Every structure is written in C-alpha cells, then in structure tokens.
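K.L.:
According to TrEMBL:
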TRANSMEM  72-92  transmembrane segment
TRANSMEM  112-131  transmembrane segment
TRANSMEM  138-157  transmembrane segment
TRANSMEM  169-192  transmembrane segment
TRANSMEM  204-222  transmembrane segment
TRANSMEM  228-248  transmembrane segment
REGION    270-298  region 'Disordered'
TRANSMEM  353-380  transmembrane segment
TRANSMEM  392-413  transmembrane segment
TRANSMEM  434-456  transmembrane segment
TRANSMEM  468-489  transmembrane segment
TRANSMEM  496-519  transmembrane segment
TRANSMEM  531-551  transmembrane segment
Amino acid sequence: MGLGILESSRVETVPGTAFMYDDASRPTQDGQLESRRLKYDTTSGPIPVILVPQPSDDPNDPLNWPLWKRDAILAILSILSVIASTLSPLLAANTVTLSLLFDKDFTQMALATGYHLLGVGVAGFLFVASARVWGKRHLFLLGTVLIVGSSVWGGAAGTNYKSLLWARIIQGVGLAPFEALVNASVGDLYFIHERGKRMACSNLALFGGAFFTPILVGKITHTIGWPWSFYFIAIFCGAMLPFVFLFVPETAFRRDDSLNIDIRGEESVQHSSSSNITPVCEIRPTEDGKSPDSSMPVSFKKDHFSISEHRSTTQVPPKVSFARSLLPFNGRKTDESFLRLVLRPIPLFLHPAIFWACLIQGALIGWTVMIGVVLAAIFLGPPLWFDEVHTGYMYTGPFIGAILGFLLAGLLADWSAKIMIRRNNGVYEPEFRIILVAAQLVCGCAGLYGFGITANNVAKYGWFWPDFFYALEVMGMVLGAVSSALYIVDAHRDIAVEAFTCLLIFKNLFSFGLTWGAYHWLVQGGILKVFYVIASIQVGICLLSIPMYVLDDASLVKKDIILHIDLILSGHQPQRGP
C-alpha cells in the first residue's frame, strides 16, 4: 500500500490491490511477477499493463471477447438503462395535473413514485440472488418484458389510482435488474484499467435519462395526454427487446480462482503454482516490439492480449454456438444456495466499505428524488405560476449536470488512478477511486446549499439559479455514484452483486421515505432550513471518505463478515475468539 493508505496488519495483499505495470525497473515483492505467468495489454503504452483479472483460456470467458463486442453489449444495456431509468421520475412534471385528475394531494401523488422505488428495492433481493446463481441474462430479458407490460398497464389505468400504483410497482420490479446489475456487468466485461470510462457511461445511462424524461413528459402531457408518457416507454423498450435477446449473452463466468488476482491477493500467488490450470506465460517485449524468443509480435489482431508461449495442457472448452448463447440460462454460476444469497446482503450493510458506498451514492440520490417530487410545488404559485410544461423544462439543468458529471468522472476516474499508480510504484489500490468524492463534495454540497437559498426566494432569483444549483447537485451525484461503484467493483468484485444489492435497497428505501415526508418537511421547516440541514449532512457523509481511504482493511472485514453470515445462515453458531 502507500500514498496515505495504512498497511494491513493481517494480510500482505488486500483484495483489489494489483500490480498494474510489467516494468523491469519497478521493484517487485519476492519476485511475484517473475514467479507468475501473466497476460497483459500491449496497447496501453511503453510499459505493458497487466490484465486484472487474468482472462482464462476459455473462448467463452467474456474477458476474451473482442473489445468491440464487449462495448456493444454495454451500449445495449446502457440504452435500455436510459429507458428504464426514466420510470422513476416519470410523474415528476405531472404532479399538479395528476393530483387534480385523481383527486389526490401532493403526498399521495408522490407515493406513486415512492411505491415504485419500493418495488425496485424489494425486487432487488430476489433478482440479485438469482443473478449470482444463474447469471444476469435472464433478468435483463425479464426486466425488459416487465417494463413493456407495466407501461402499457400504467397508460391504460385511466383515473383508477390503485391500478396506477400497481403498474408503478411492477415498473419498479422491471427496473430492478438494470439498477442492480448493469454496473456489476462492467466488472464482468472489463479489466481494471478499462473500467473507469465504462462505469461513468453506465452511471450516466442510469441517472442521465432520469433527468431528460421530465423535459419531454411535461410537453407530452400538455399536447397528447399523460398516458402517452407510459406508452412511449413501452414502445421504445419493446424495440430494444430483440437487441437484448440477440446481442446480450451471459456475462457472468466461473473463472478459476488463481486468475482472480484482484480478489485473492497474495493467496492467488500461492494458488497459481498448484492450480490445475496453467497460467499463460508472460512475455516481455523487446525494444522493437517482438517477443524475445520469437519473431512474432507480442500483440496480435484478434485482440490486445499478449501471445502465450504455450497453452495449458487442460483441454480448452469449445466456443458456445450463437444459438445456444440465446438461451436465458447456461448453468449455475455458484454452488451456494439461493436462499443464503437472498439473505446475505442484509448483514453486509455492516461492512464499512458497503455502508460507505450506500451513503455516498444513496444519500445524494435521495436528495435528488426529494427535489424532484417537490419541484412542481415550489414553482406552482406566484410569481412564476409554472405548469407541467415549464416544470418539465426545469429538468434541463440537472440533465446538463448529469452529462457534465459523466464527462468529468470519465476524465478523472482513469486519469487520477493512473497518476496514483505510477506514484505508488506501479501498484493499484482500490482506494484510489475514492478521490472522486472530493469532486462530489464541491459540486453536490454546493448544489444543495445553493438550491435551498435560491428556491426559498424565487421572486428574487427567478428560475435560473435554482435550476443551476440543481444541475450542480446532480453533477455531484453522478461523481459519487461512479466513485462508489468503481470502488465496490475493484475492491470487492467477488461480492459486487451483493454490494450493489445493498446500494439498490438503501437508495430506494431512503428515497421512498423522503417521498413520504418531503412535502410535510418543507411546509413545517421551510425550504431554506431543510436544505441547510440536508446539505450539512451530505458534507459529513463526504468527509467519511477520509477515514475510508486511510483505514479500510477490506480483506479482513469482508472475510470475517462473510464467514459469520454463512455460518449463521447454515444454522451454525460462529466460534468466538479468545
């Protein structure tokens, strides 16, 4: 470790820590690189980047697929995520119109969003456990079908409030696979040094669409009626269903433990010498780009991996046919029981890293949802007298903020990590991803303070400044979401699915609670006081990143918690230490 991160007193290498550069001038620990035969990326610069995790020799390993194929899969999932993420704020611009139509007050209409978020959180328990056991493909297909059906249902609800609520809940169930699993799929498809921009892209898809939708919904409601905001979701999501079916194969893969050098840390070094799978031989390039013992170039046209000097004696499985890849299931991905995996995320909230990620990502998402459900009420009366069209236009600012947050996160995530890796003698630490929270502190907290000040006096500040600070708040939200997601994938990839379940549950239940009491809170406390309080809370949450960066002993905490959880779920009492 290094750069302010305290050394672990119990293990030599914490999972997530990885040697990234195969540089002969960099000192190694006990000849680790020389004792291991590794694949690396030869297109990353003069010093090859070691591929973390290591790909297997199996052609069905997603890490062996061409980069264009992996990017195409992520693009399809991201487009679907944009459509799916529009569901949560679908009614935000229509609050006043629908409250009159259904004869409900603002809180009851806000609960149409709140129960939707509750559906996302509850479905996350079952879906994420199912993803761990049988993979993610069947859930992406199921989620797409549910969104199409429930959106048609919602548009046809007429003036039946209960029917609308149930349609919204099922929409939440359909959204759950995308909220919970798209970021985890980035960990399935990419090496550590490829994830930064892709994680920023997936988070933009999950959050950016949520702010673009109300801009259109207000106009749609005003011109052709509110049901068409549901019908358009069904049409566009239905159009994407063939792409998911044909071009999004299963991304989960059972890889030999010796190849997961980012998870097992030092254990994988010892395991690699006794594993039945022979790792690929490392080739150091010469100055002219040739391998030292062959005239063949180190990289070849099929992909950017180095050529192995010899193949494993273990028979390589045949490549799965295209027809077989269309099946929703292709075997179990773990031997653990489904029930145990359903229950496992609950105690994982005690894991410091996961609890930190829930706060960093979920709290600011909750404040964003809160602003969304009260926005129409703030600008409803004098002096602006906003209708659904003008309220929808207020989401232009946060949409631009989401785009800028994505661009900044994409630029900073990999750039800052590369600088810190080089300063740390070529060793990557997952804590390097936490640095992005500094940008969330500046943008997100300034946005909350500024929104409270300006929205409290729209007669003086008009609509522009509240919208500007709303954009800053959303920008900070995206930066925090990318930071926490990258840290979870890099530091805890083996429990990333459970970790993202915790994030999904926390942010949706927290947002549900805010929709329940947002209006009452603002009426009782006033806009200025309420936003001073929540902005100050967010400052405290961001400052928790300092001890998280310095003190986190990821492997020790994770192993102890997982061990205790598994013993308890198996009906055994964990042994107490002396």
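Glycine too: its Cβ is placed from the backbone N, Cα and C atoms.
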K.L.:
In the same chain, which residue numbers or ranges, 6 or more beyond the ends of the transmembrane segment (112-131), come under 8 angstroms Cβ to Cβ?
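P.N.:
Hits for the transmembrane segment (112-131): 87-92, 98, 138-139, 164-165, 168-173, 175-177, 179-181, 184, 252, 338, 341-342, 344-345, 369, 372-373, 497-498, 500-501, 504-505, 508-509, 511-512, 515-516.
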K.L.:
Take a look at 72-92, 138-157, 169-192, 228-248 and tell me which one has the most Cβ pairs under 8 Å to the transmembrane segment (204-222).
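P.N.:
Checked against 72-92, 138-157, 169-192, 228-248; highest Cβ contact count belongs to 72-92.
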K.L.:
For the transmembrane segment (169-192) against the transmembrane segment (496-519), do we get 3 or more Cβ-Cβ pairs below 8 Å once near-sequence pairs (under 6 apart) are dropped?
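P.N.:
Between the transmembrane segment (169-192) and the transmembrane segment (496-519), contact is present.
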K.L.:
For the transmembrane segment (392-413) and the transmembrane segment (468-489), check the count of CB pairs under 8 Å (sequence separation 6 or more) and say whether it reaches 3 or more.
P.N.:
yes
K.L.:
With Cβ distances under 8 Å as the criterion, find the stretch in 138-157, 353-380, 434-456, 468-489, 496-519 that has the most pairs with the transmembrane segment (531-551).
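P.N.:
Top-ranked stretch among 138-157, 353-380, 434-456, 468-489, 496-519: 434-456.
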K.L.:
With the transmembrane segment (496-519) as the reference, find which of 72-92, 228-248, 468-489 contributes the most Cβ pairs under 8 Å.
P.N.:
468-489
K.L.:
Can you tell me which of 138-157, 228-248, 434-456 gets the most C-beta pairs within less than 8 Å of the transmembrane segment (72-92)?
P.N.:
228-248
K.L.:
Using a Cβ cut-off of under 8 Å, list the residues of the same chain at least 6 residues beyond the transmembrane segment (138-157) that approach it.
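P.N.:
That would be 77, 80, 83-84, 87, 127, 130-131, 163-164, 166-168, 170-171, 173-178, 181, 227-231, 233-234, 237-238, 240-241, 244-245, 248, 328-329.
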K.L.:
Select the range from 228-248, 434-456, 468-489 that forms the most Cβ-Cβ pairs under 8 Å with the transmembrane segment (353-380).
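P.N.:
Answer is 468-489, with the largest number of Cβ pairs below 8 Å.
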